[in-house]
Amino acid sequence: MGCVHSKNFEPVNHVVSRRHNNNEKASSTSSSSSFNSPPAYDQDMKLDLHSSNPSPILTEPHGINNPKAALRQERVHHLSESFNADPKNRMVQNAAHSLDFTTLITNREVMIADNHTFNTKIPIESMVTNQKSSGRCWIFAALNVFRVEVMKKYNLEEFELSQGYLFFWDKFEKSNWFLECMIDLRDRDVNDRVVQHLLKEPVNDGGQWDMLVNLVERYGVVPKALYPESFSSSSSGKLNNLVISKLRDHAVVLRRMAALGRSIEELRAEKDKCLKEIYNILAITLGEPPKKPFTWSFRNKDKKYFEFQNVTPQSYFRDHVGYPVADTISIVNDPRNKTMALYTVQYLGNISGGQPIRYVNAPIDDLKALAIKKLSSGKPVWFGADVGKYLQRDAGILDPKVFQYDLAFNVSFNMTKAERLIHGESLMTHAMVFTGVHLDEHGKPVRWRVENSWGDVGGDKGYLTMSDAWFSEFVYQVVLEKAITPKKYLDVLEQEVHVLPAYDPMGALA
């Protein structure tokens, strides 16, 4: 699952290993349990149902087919009588027939309280960017953090770095990552839960902060003028479908070769054929990234002219952006698991050989205190959250009380944050940037100013206001520079990492 775009909006320590053959050394991790043998294929490449290793025999569920479980007409009749006995239900029904029902239940008091004024703001804000019909929020949010450094350094009024440039390389690297996962999992049954999880969406637009670090470390960044948007970067659905189909096609080929006992070298040679096709697809739809040193020229707010020659994407990031991207730390709030502990998610990443995903789990109040500290120093904060929850988009308000479901529907929602994660009700879906916070007389946060990437419509020219209660329930991650992070969090990075399963909600891509 990738991040929400502007048009829409298991146990820890689960260490998994696989069997190995003589063509590759065994993984350094081990497990007390063994996995199924490779699937047996017949000449038509269908799963051989006569294999000596059949899948478990399934049985039909009995409870839900019990006559006592069925809805009875008399029960439906009783529910209808109860509904119509309350005149309020009929009034709301009439209104909801022609209106968005959330308009009817929007809380006026919350709309007034969650205003767009803040007593703590970073000194430089820019026009809100627009990811359009794509899931690139994590890239937009990171580049919105980076551009502050460039704007401050050169006194610029407006400025954007190229989101499409990192999008190209992320899509290409993720394709390689997926194919390497298929090679690594070649001995697993195709119906294995991890294999099916990866096949469900081999690549998408979303990402995690450490993936961004990997991209920037390897490929640098460029100004948007050097690599502008294309149709497929702004509306990525058809491109994604094409790439995903091609990757699944090659996953079948790789599994077929593995079942025939082909070596790792032969599998990777086949992988390279797929990557050639993927590169061609990306180059045609997005345009090839700059291959030669470029010249960057511009005038600042004072009309002063600047020109820099023989610039590469890597030197551009180093010399003109200068953000310490490699020296950052991701602090998350996962109330299901132990705090002040280090976590990762199995098979989550984008660049083979790059920095692995690492989270330091901490209480939610720690995330708030750390974000306030950074904002008070005048710097923005990248964060990840579940943006689809309790968002009044026109007003640009995120607040768990913004919609009064109890008044219209007589319903309430009572799950804790941990229960929402466990039961599939919430996970990180979107990355944005904090640029301000309003503190009360005791220094406690009341509301937060959020730079989104859905354009300048809604809220305060595209900026949102988030209540502190919403932060508690739906913010999952903040990123800080290590230089301003207290030592106790940095020490956690030296701990043994707890591995969450590939399908864990903390592996969701913003």
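Glycine is no exception: its Cβ is also placed from the backbone N, Cα and C atoms.
What TrEMBL says about this protein:
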type     : residues : note
REGION   : 1-64     : region 'Disordered'
COMPBIAS : 24-37    : compositional bias 'Low complexity'
ACT_SITE : Cys137   : active site
ACT_SITE : His430   : active site
ACT_SITE : Asn452   : active site
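Here the features listed in TrEMBL are painted onto the structure.
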residue	record	CB count, 10 Å
Cys137	active site	30
His430	active site	27
Asn452	active site	28
